[in-house]
Amino acid sequence: MTETNLGAEREHFDKQQLSSISKAINSNEAPVKEKHARRIILGTYREKGAFTFWSYVLGIPLSSNSILSWKFCHVLHKVLRDGHHNRNLMLVACSYCLQGNLHDRYGQLVALYSKLLCTKMEFHMKVRAPSTVLGHGMFYHGTLANLTILLIRQLNTSIAISTTTSGQCRLSPLIQVIQDCSHLYHFTVKLLFKLHACLPADTLQGHRDRFHDQFHSLKTFFNKARDMLYFKRLIQIPKLPESPPNFLHAASLAKHARPVVVIPSEDEPQQQQEDDDDDDDDPEPECLLVYRDIQIENLQQDLELLRAELGRVKGEAQRYITQLKSQINSLEADVEEQRVQKQRALVENEQLRMELEATRRRNAEHESVQATFGEAESKRAQATEQRYTKLKEKHTELVSSHAELLRKSAETLKILSATQETQEEVERTKQQLAFEVDRIKLDADMKLEEQKFEMKKLKRDFEEKRAEAEHVKGTLQRTEKVGEQLTSSMLALQAEKERLMRSASEKEAELSSLSQAAQLQQSSLQQERERSTRELGELQGKLQEKSRREVQLQQKLLEEQFSLLQGTVSEAECIIQDAVAKLDDPLHIRCTSSPDYLVSRAEATLGSIDKVKKGHSDYLTNMGDAGGLLRALTHFSHLAADTIINGSATAHLAPTDHSDRLTENCRGCAIQSLQFLTDLKSKASLQRADPASIRIVVEKILRLGEELRPKGMDVRQDELGDLVDKEMAATSAAIEKAVRRIDEMMNQARMDTSGVKLEVNERILYSCTDLMKHCPARKNKSSKLGKIVRAEGSKFSSRTALFVA
């Protein structure tokens with residue numbers, strides 16, 4: 001994927017460079033656009049050279065058109081001045097030769113411009129020592145002056161002026177000339193002052209005269225260029241002093257001011273922009289920012305390549321380390337085995353010192369092993385020598401092919417120098433061959449480096465194998481010495497042979513008995529291990545089965561809890577819907593209720609909403625226990641339905657405005673409650689279910705109820721008692737209906753479910769039954785309260801005072 005991206009990016013870069021070069025170097029007599037030259041310069045920084053620039057320029061027929069040559073020199077001057085340092089001169093001398101004999105208005109200009117560029121390159125390439133700076137600098141400065149004099153003379157003798165495109169085409173390269181002249185003038189003045197401080201004045205008379213001539217010509221050129229309208233908006237030309245510096249007085253150096261050329265950061269003229277509207281797709285960024293981005297991108301690519309190379313080297317190093325560790329482990333195992341064998345041999349020698357024939361056989365075996373090892377080492381060395389010979393032959397072939405390519409290149413150069421009629425075609429072939437030779441050289445160098453690395457690696461392997469052979473050889477020599485010592489000690493131990501033989505037979509008998517006991521113990525341990533393994537496998541299987549069953553039971557419990565929640569929510573929806581249906585029931589129009597009772601119901605509903613919210617959060621935290629939420633929903637549904645019914649009944653006695661608002665809020669309470677219950681029924685919307693909207697509507701009902709409370713003695717004592725009795729009767733009917741419904745749900749749950757789900761359902765329904773059991777007691781207390789209201793109602797001036805008391 002990275003290679004594909006790099007290929008696409010390279011293709012886009014080549015297309016962009018080709019477009020910029022073709023638009024910058026064309027036959028139109030118009031100045032080179034700054035953005036095209038800037039793209040070419042940025043391209044040299046991106047590829048760290050001017051290879052793409054020269055490869056495209058080779059195909060331009062410079063000899064066919066003098067304007068093409070003039071624009072080519074202008075673009076090349078910009079590349080040499082602002083481009084990447086890795087650029088070359090290439091076709092400047094060729095262009096100079098081709099255009100020197102033309103007699104049109106650009107022929108002499110191109111010849112002088114080509115000579116100027118050659119002088120510029122020679123100045124930067126050959127000037128290394130300070131002693132040669134002055135001569136080359138003055139010659140360079142003189143070449144610049146010759147170009148400016150001829151150019152100004154042509155403009156003065158022709159009808160072209162600086163405001164026309166033809167005049168601007170010839171004047172635009174002078175911007176780079178002015179920049180070079182200012183730097184050369186400053187450094188020449190400083191160098192002449194330093195030379196006059198070290199050498200006699202008569203010795204430097206010729207340099208002073210030459211500098212005075214160039215000073216006057218440069219001043220004249222600056223004055224004329226400063227008066228031209230074209231330069232006023234593109235460059236600020238410095239002013240030179242009235243007279244040249246006096247080099248005979250050292251104090252004059254302090255009066256010298258460096259001429260500074262300022263180029264304003266302005267856009268190109270509008271007239272140039274109109275000629276190339278199709279190229280203004282996107283505004284270019286600032287040159288420095290683009291160059292910085294290109295450098296960052298190049299550095300990132302280099303970093304990625306280095307990281308990949310580092311990863312590869314690390315991988316190879318890790319592989320070599322692993323191989324070395326395995327070899328070390330094998331050698332350590334061999335050493336350990338030899339040590340064990342040595343101990344075993346010592347024990348056997350202690351037991352059987354007199355077995356001389358066996359010792360001689362071992363010596364013979366050692367000799368055979370040594371001979372075999374020597375043969376293997378010789379074969380390995382021979383194979384290594386053959387590989388080295390092959391690599392050397394391959395290297396010789398590469399060197400010969402490289403020499404052949406060099407010979408071909410030399411022959412091509414001779415053919416190119418001999419062919420004058422097809423000079424441009426031969427020149428292009430020459431450059432292509434030069435690039436190909438460079439590439440082949442690089443490939444050959446890389447292959448040579450790889451072969452050298454491989455040879456070094458083979459040499460290291462050979463040295464390691466040689467060290468191993470020396471180590472084994474030393475071990476064999478030590479073994480031979482030990483054998484000799486044993487042979488010498490055998491004569492002294494001959495007398496102990498019989499005793500050792502007897503002791504050996506006794507030890508053998510004891511060893512055989514111990515071996516039999518060890519075998520029996522090992523067989524018993526093996527049987528015990530197998531039995532333990534089987535038991536462990538059975539226990540692990542049971543444990544896994546138990547874990548799966550627990551997961552299944554937990555999932556089943558969650559599903560059953562959610563199904564109970566859905567049943568409770570459905571029942572609550574039925575209760576709310578039944579309450580909403582009563583709002584439009586004609587029989588309900590005669591039902592009335594007091595605002596105080598409505599306020600109490602609304603306050604109780606607000607409390608139940610808080611419990612529902614808490615139960616909802618608890619259920620989301622632990623979805624295996626929905627008991628709290630179910631109880632809260634049951635309580636909430638009854639209180640909400642009671643609030644809706646009593647709100648409608650209260651609205652029957654309220655004024656029209658309050659009645660409409662109260663009825664509308666009761667319907668809104670029902671709608672929000674049903675929406676909340678609908679969210680609770682779906683797992684997708686269970687998380688976002690929120691009773692906050694219900695609270696807002698219930699609070700509105702509560703405020704309307706408080707507004708509808710009578711301010712005086714507007715209800716008679718018998719009416720107040722009747723209202724309390726009616727409310728108690730309605731509450732009793734609702735409680736009885738809820739008890740019947742709970743009994744039906746319990747019977748249905750016993751028939752449809754079993755096991756854990758039945759147990760959970762029974763617990764929830766029992767909780768609801770216990771809640772309903774407390775309702776009759778509250779009903780009795782409410783009846784007593786009604787009696788107290790009837791008895792004590794006449795003592796208070798209003799219902800508010802009664803309930804406050």
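Residue numbering: from 1, along the chain as shown.
Each Cβ is built from the backbone N, Cα and C atoms, and glycine gets one as well.
With DSSP states grouped into helix (H, G, I), strand (E, B) and coil, the compositional bias 'Basic and acidic residues' (498-510) comes out at 13 helix, 0 strand, 0 coil. TrEMBL lists 498-510 (among others) with the feature compositional bias 'Basic and acidic residues'.
Beyond the compositional bias 'Low complexity' (511-526), no same-chain residue lying 6 or more positions past its ends has a Cβ under 8 Å from any Cβ of the stretch. The compositional bias 'Low complexity' annotation in TrEMBL covers 511-526.
Taken from TrEMBL, the feature compositional bias 'Basic and acidic residues' covers 527-545 (among others).
Residues annotated as domain 'I/LWEQ' in TrEMBL: 712-805. Taken together, the residues in the domain 'I/LWEQ' (712-805) have a mean pLDDT of 61 on the 0 to 100 scale.
The region 'Disordered' annotation in TrEMBL covers 266-285 (among others).
Here TrEMBL flags 498-545 (among others) as region 'Disordered'.
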Next on the checklist: DSSP-wise, what's the residue breakdown of the compositional bias 'Low complexity' (511-526) into helix, strand and coil?
Outcome noted: 16 helix, 0 strand, 0 coil
